[in-house]
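Pulled from Swiss-Prot:
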COMPBIAS  1-12  compositional bias 'Polar residues'
REGION    1-30  region 'Disordered'
MOTIF     49-77  motif 'Q motif'
DOMAIN    80-254  domain 'Helicase ATP-binding'
BINDING   A93, K94, T95, G96, S97, G98, K99, T100  ATP binding site
MOTIF     202-205  motif 'DEAD box'
DOMAIN    280-439  domain 'Helicase C-terminal'
REGION    494-545  region 'Disordered'
COMPBIAS  515-524  compositional bias 'Acidic residues'
COMPBIAS  525-545  compositional bias 'Basic and acidic residues'
REGION    563-625  region 'Disordered'
COMPBIAS  604-615  compositional bias 'Acidic residues'
COMPBIAS  616-625  compositional bias 'Basic and acidic residues'
COMPBIAS  702-713  compositional bias 'Basic and acidic residues'
REGION    702-823  region 'Disordered'
COMPBIAS  714-723  compositional bias 'Basic residues'
COMPBIAS  776-801  compositional bias 'Basic and acidic residues'
Amino acid sequence: MAPTTGPRNTKNAKPAVQRSKTLKRKRGQEELSSLIQRVEGLDLKESFESFSDLPLSEPTLSGLTSSHFKTLTDIQSRAISHALKGRDVLGAAKTGSGKTLAFLVPVLENLYRRQWAEHDGLGALILSPTRELAIQIFEVLRKIGRYHTFSAGLVIGGKSLREEQERLGRMNILVCTPGRMLQHLDQTALFDTYNLQMLVLDEADRILDLGFQQTVDAIVGHLPKERQTLLFSATQTKKVSDLARLSLRDPEYVAVHETASTATPAKLQQHYVIAPLPQKLDILWSFIRSNLKSKTMVFFSSGKQVRFVYESFRHMQPGIPLMHLHGRQKQGGRLDIMTNFSQAKHCVLFSTDVAARGLDFPAVDWVIQMDCPEDADTYIHRVGRTARYGRDGRAVLFLDPSEEEGMLKRLEQKKVPIEKINIKANKQQSIKDQLQNMCFKDPELKYIGQKAFISYVKSVYIQKDKEIFKLKELKLDEFASSLGLPGAPRIKFIKGDDTKQRKNAPRAAAHLSSDDEAGSDAEEGEPKTKKKEEPQVRTKYDRMFERRNQDVLAEHYSKLINDDGTMVAPPNAGAGADADEDDDFLSVKRRFDVGDETLGMSSDDSDEEDDDDDETSPKKETKVVHIDGKEALVIDSKRREKLLKSKKKLLKFKGKGTKLVYDDEGNAHEVYELEDEDQFKARGDAKEQKAKFLEEEAERTRLADLEDKEIAKQKRREKKEKRKARERELLAEAEDEEETVVQLPPYEGDHDMDGGFSASEEEEEAARPSKKPKVKFAEPDESDKGSEPWYKKSKRTDDKGGSQAPQIQTLEDLESLASGLLG
């Protein structure tokens with residue numbers, strides 16, 4: 001038997017658990033106080049080499065160790081110590097130097113030392129200029145903060161706003177983009193930032209520029225002023241206005257590479273190529289074909305260019321995977337592209353500046369800048385996608401000859417070393433003919449190419465640095481031809497300067513220039529006056545014939561350019577031109593109303609009369625049409641004038657129609673004609689009229705029945721006569737088809753002594769064919785006279801006895817039949 005156990009002492013177990021919790025809480029308080037003392041005694045001038053040298057909490061150190069972060073970079077060593085002390089920091093370092101950890105570690109530590117919990121609200125807010133960078137920051141935060149008890153959230157566009165609103169009030173750390181954050185601050189009722197401790201701006205110079213200025217100012221207005229602010233970027237701003245907007249308090253500027261000879265990583269090889277605008281795509285195609293075993297990023301100025309180059313190169317199949325990334329894509333697709341490009345070994349990514357800042361793509365070999373960046377800072381961020389964390393990298397910048405001098409001057413001011421290289425002409429391949437062929441076959445690709453051309457020209461036009469971007473020196477017609485387009489699309493804003501000149505020009509000069517442009521019309525003495533065309537009334541039939549495909553071949557596509565370089569006129573313009581041509585033949589010179597006194601007048605008299613009318617009556621009389629059953633219809637618009645041509649629409653302006661019936665005398669009466677009460681009473685009592693009406697109706701019904709019966713009887717009689725006539729016709733046809741029986745001529749030939757046929761007759765008998773002719777019918781025998789016809793007898797025999805009479809074909813058959821009948 002198993003030993004019996006006594007009752008458990010529950011009274012002693014509960015205090016033991018309480019004592020362990022108390023000891024654990026006490027030990028945690030001691031560690032926290034020790035950590036606070038270490039932070040307060042931290043020497044800011046001291047250099048640190050590893051994370052373990054810093055006064056960090058155990059959960060943070062465990063997360064860093066699990067994520068394989070051990071050694072500190074220069075920016076991390078200097079910025080983390082200042083941030084742990086609670087100071088505002090402006091951090092500037094080269095791309096790929098580890099700025100993300102430089103602000104994430106202080107965020108975790110400062111909240112940990114304050115014993116931040118879920119109910120304390122939002123403690124840290126991290127702003128990022130792009131969604132991709134926000135996602136990357138959030139992933140790093142999850143890795144190093146896995147052992148903390150904080151709740152962190154990612155708030156970016158492209159996701160459900162309601163789901164974010166439900167969870168936002170429980171978050172301690174938020175990584176977000178400015179636009180979505182401001183939306184929650186304005187619309188989410190339970191979201192409050194009164195207890196915010198830290199504000200972090202990654203890529204601060206981009207967030208503080210004109211693109212995010214109003215949004216960031218609105219966000220800062222919702223935040224408390226007593227907070228710690230951290231700003232990090234590869235190209236940090238020092239503007240007093242920007243720093244004042246964020247309410248920085250004696251910020252510490254940490255620029256670890258300020259004294260360095262270059263602003264870019266040391267292992268980054270930077271080159272530029274003089275590539276005329278029409279030859280850029282040829283050079284890019286040749287480069288991709290020559291580097292199929294590398295990982296390349298290609299930057300463009302606009303998303304339309306990215307899409308056009310991706311679609312066209314994808315059809316030509318260069319032999320390497322192609323991807324494209326721009327801001328117009330859905331958030332899920334952008335994440336998939338980022339993941340696939342990060343995992344790929346050999347790939348080409350066409351992108352806009354959405355991927356130029358902060359994104360960490362591993363092992364990028366080449367960074368190609370097809371279009372000149374807007375400034376040197378953008379160039380630094382673009383080339384920063386390669387040569388990260390001490391790796392090798394190469395960057396190539398394509399410059400038009402008009403952009404070379406100004407861009408090199410800007411790069412020199414930023415300490416960017418760059419060398420010029422030349423392209424071997426024998427290795428350059430032209431893809432102009434292929435692009436033209438694809439644009440001819442695929443109208444959608446042609447449309448994308450036109451949009452790419454327009455977006456590039458706009459991006460050059462809006463640039464502020466006119467020393468670099470000189471729009472008038474670009475060969476736009478040749479550039480459009482290199483894209484495969486039949487001509488350069490017209491862009492309105494290019495003529496902005498000419499518009500200003502025309503506006504400021506004297507009116508006399510403008511009048512003279514307009515007279516010169518009039519040409520032959522002015523010489524013929526016809527004054528050229530411009531009148532605003534009134535919009536024509538378009539019916540549903542006009543819309544039906546003007547209907548077009550609802551794809552990219554819409555009206556705005558056809559307006560871009562014709563193949564001959566002229567603008568495409570709107571649909572109504574063509575219709576009006578055709579109408580003008582048609583009016584030249586049999587056009588109405590003048591319309592006369594009924595009773596017009598000028599109908600018989602000559603042209604001169606009528607002209608004089610018109611002049612008098614114009615002087616006396618300044619207003620044109622309104623046409624009025626009188627319609628039966630309704631009030632007059634006033635024709636005061638073209639729509640009302642077209643209304644007269646539609647019978648269906650005129651029905652509502654007319655009275656209700658009446659249907660008439662005519663009696664035997666030809667008098668018209670309505671279908672349902674009612675009589676007065678006096679007329680009804682004059683004909684007698686109502687009961688008598690009722691009885692009389694029933695008698696009349698009964699008599700009328702009886703007569704109608706007799707007539708119907710006679711008609712039915714006549715129809716049956718006619719049907720019977722037709723049937724008998726048909727039988728007689730069939731019998732006559734049967735008699736006509738009967739054939740007479742063949743009778744042999746009397747025998748006259750010689751015969752032998754035995755009474756048989758001679759030898760010649762036997763030979764003739766043997767020579768007869770074996771098949772005998774058919775005889776369908778035979779003549780009746782003499783013995784059958786007075787009896788039934790033979791064909792009836794045979795038919796009756798067949799019906800009763802089931803045996804059919806033998807068919808008579810020859811004389812022997814007839815004799816055998818006769819002998820059988822005779823007995």
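Each Cβ is built from the backbone N, Cα and C atoms, and glycine gets one as well.
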What average pLDDT does the predicted model assign to the motif 'Q motif' (49-77)?
93
Who sits close to K99 (ATP binding site): which same-chain residues at least 6 apart have their Cβ under 8 Å from its Cβ?
I75, A79, G91, A93, D202, F232, S233, A234
Cβ under 8 Å, sequence separation of at least 6 from the ends of the motif 'DEAD box' (202-205): give me the contacting residues as numbers and ranges.
90, 99-100, 103, 126-129, 133, 137, 231-237, 357-358, 377, 381
CB contacts for G96 (ATP binding site) [other CB atoms within 10 A, all chains]:
22
How many other Cβ atoms are found within 10 Å of the Cβ atom of S97 (ATP binding site), counting all protein chains shown?
22
Binding-site residues compared (A93, K94, T95, T100) - the one with the fewest other Cβ atoms within 10 Å:
T100
According to DSSP, how is the motif 'Q motif' (49-77) divided among helix, strand and coil residues?
16 helix, 2 strand, 11 coil
Mind checking how the compositional bias 'Basic residues' (714-723) divides into helix, strand and coil residues in DSSP?
10 helix, 0 strand, 0 coil
Taking helix as H, G and I and strand as E and B in DSSP, count the residues of the compositional bias 'Basic and acidic residues' (702-713) in helix, strand and coil.
12 helix, 0 strand, 0 coil
